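Here's the structure, in structure tokens; my notes come after.
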Amino acid sequence: MAEQINESHQRFLQVLMSHGIMESSLVRALHRHCCEVHKVNYMHDNLDDFVGVLNKHLQPLFMKIEKGVGEEDGLTYYALVNRVENDITKMASDYAENELELFRKTMELIIISENGFAPPISILNLADELQSKKMKKKEVEQLLQSFVQDKWLIGRNGEYTLHTRCIMELEHYILNTYQDVAKICNVCHKIAIQCQLCENCGIPLHLQCAGIYFRGIANPLCPNCKESWPHEIPDLSQVSSQGPSHSQAAPVRGRNQRSRNISTVARTSR
């Protein structure tokens, strides 16, 4: 029989859900806070067990708290992921049909791009290609801000890429839908959106994976074809010292169906 969840688990889950995704240091602090507030025995190395108890109760709802690595900062993140819906219909409670269609097209632009980014002008032009209700340019601009706020996209230097949360939640959809063009990192074997490509054989490496793999090597060679690696090796110390961006830390808009599911977990576990 699964261990019962208590008020500390419920508070932890509600906060994680309100943020959508949280960096691991914040999750560890949240774990401690929840245990202390509800006077539950706290052990700093017990986070995995704490999350494991929650995941056992989330399993019947086809939801899970998972860990992933941010492509931009290499930090570990925790997110509440819906495992039964393998496409972007999981976003349907927050967006209209034409908005979801625009997101699909935007995601495709990002995935097929060489650097993992889509310029805003290309996304704005998608408004004229929608099969459902057309959108005005101003509406597209406002929608992009909503995608950023809800942590599906990240805006960086005027362009857009997929948020860590989006990659974690839509991993299966991306692999199934874009299996011929989706890039898989040669080192960690995870989806690679922002990456470096070998100019000879075309294999991709996450920026973080490239930094780790080539660390201390004066003349880096492609791990696949052994040709000279043509790119500047990322400085991991500079990236990691930046910490998570504000968009990674801010809460997202509420999700009604997911909120009801969480309430069900809390009630049935008492």
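Even glycines carry a Cβ here, placed using N, Cα and C.
Swiss-Prot has this to say about the protein:
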COMPBIAS  237-248  compositional bias 'Polar residues'
COMPBIAS  259-270  compositional bias 'Polar residues'
REGION    236-270  region 'Disordered'
ZN_FING   185-226  zinc finger
On the 0 to 100 scale, where does the mean pLDDT of the zinc finger (185-226) fall?
94
If you run through the zinc finger (185-226) with DSSP, how many residues end up as helix, strand and coil?
7 helix, 8 strand, 27 coil
